[in-house]
Amino acid sequence: MDPEAVRKYSALHAKPDGLVLQYGTAGFRTKAERLDHVMFRMGLLAVLRSKQTKSTIGVMVTASHNPEEDNGVKLVDPLGEMLAPSWEEHATCLANAEERDVWRVLMDISEKAAVNLQQEAFVVIGRDTRPSSERLSQSVIDGVTVLGGQFHDYGLLTTPQLHYMVYCRNSSGRYGEATVDGYYQKLSTAFVELTKQAFCGGNEYRSLKVDCANGVGALKLREMEPYFSQGLSVQLFNDGTKGKLNHLCGADFVKSHQRPPQGMEMKSSERCCSFDGDADRIVYYYSDTDGHFHLIDGDKIATLISSFLKELLVEIGESLNIGVVQTAYANGSSTRYLEEVMKVPVYCTKTGVKHLHHKAQEFDVGVYFEANGHGTVLFSKAAEMKIKQLAKELEDKKRKAAQMLANVIDLFNQAAGDAISDMLVIEAILALKGLTVQEWDALYTDLPNRQLKVKVADRQVISTTDAERQAVTPPGLQEAINDLVKKYKLSRAFVRPSGTEDVVRVYAEADSQSCR
């Protein structure tokens, strides 16, 4: 490690004056032209993290569902999970350091984290399809190489695919082969095996329209389709051949505007879904015979999947500990359906995938989805081993149920929420249960709800507890909310400060839209 080389390269990736950024759940995100220094420094940090963990670390260049002009970067930890909180602090400190202090900050991080600087380092890199991503990815590579780290540049990947690559490399191939083809083979094989059990006839449930947000998901889904085409036909829209990334399309647009993406032709009762720009979110939707739009968001995805898993566990007679993790934004009807009808325990965490992921790890089978469609299913190693052993030992109907569970385990990209993985699981379940999209939607009826944000001078005035569902400060705020809520049936409301901007987010739901 050569301090002079670091200073020289750092000057080539100079930090704009006065720019301060915060590493959050989504890493760093801002306008692409402001990120060159951040990318270089995250290359540096990835080397230190690799040395400390003696593992491969991932760096993904993406801004997910943000506009095309933005970009961002996040680091991926050894098991494909998000960066450890203590290293989020290191990332923020390094990104905001003045030029003259970069080397000193690197040495401070090395000392605090007990990094063995003689340890070898290996970093894998992926990027989305934004015009700025290739250039910014090169800045990451500059940071990795100047500290003597080795790297492999995968080029264009979905964010979940990079998580998959990291996990595969650090599990010595036990999780799968660390190639794009290995990813396709693992997921498609599990999907084909699972859908062999489907009892529905013809192709009635096997055609799906996919809005790819003009992002990298279109490239990867098109490459992958031949692997599973016997079980599912997908028709791609907003595939990047025209139109801007995430503009009037994609999962975030459909969820927030409650209407179909631009450029998709929808016929009555057709199943449709949307990815976001880096394919780690998915929402479903359809149009009924009267032309009304129906959104099936992360809450109903979690309900479909957890119900299916619970039924299979009952079938094989295993009392594995299954839990569903939600945030305060989950619709109350979904929580009641899971707890009262399916008898599946539900837990609430603070907003942010890292909080849901951490809680889901406490169960044998942990299901988590944010309402925006970002989520997955986590199986503990003990549960995975037990299910796969039962798939070999049990007889007849029970063995089939265990084998289906084993296929579901292989289908999920457990390292992160993955729109492609989630899509294949959903399609398999609908086929196996013989459900139409309308029947899935009818499992329960969402309570009418509203969500908005209010710009404020200082969001820190509001603090919360109970997974952000109760306001602690300012005094009297929660009491005022309680007085309003008790006037209406099945109602609740909460306010919480944004984690990134000076706004306060407000959510309310009740049994009628007339509540004001």
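A Cβ is built for glycine as well, from the same backbone N, Cα and C atoms used for every other residue.
Among the residue ranges 28-59, 156-187, 188-219, 380-411, the one that TrEMBL annotates as coiled coil is 380-411. The stretch in closest packing with the domain 'Phosphoacetylglucosamine mutase AMG1' (297-434), judged by the count of Cβ pairs under 8 Å and taken from 51-90, 118-167, 178-283, 453-513, is 178-283.
Mapped onto DSSP helix, strand and coil, the domain 'Alpha-D-phosphohexomutase alpha/beta/alpha' (118-167) counts 23 helix, 13 strand, 14 coil. Packing against the domain 'Alpha-D-phosphohexomutase alpha/beta/alpha' (51-90) from elsewhere in the chain are residues 23-32, 35, 38-39, 42-43, 45, 109, 112-117, 119-128, 130-133, 136-137, 140, 144, 157, 159, 162-167, 169-171, 213, 244-247, 250-252, 276-278, 280-281, 353-354, 357, 413-416: each is 6 or more residues past its ends and has a CB under 8 Å from a CB in it.
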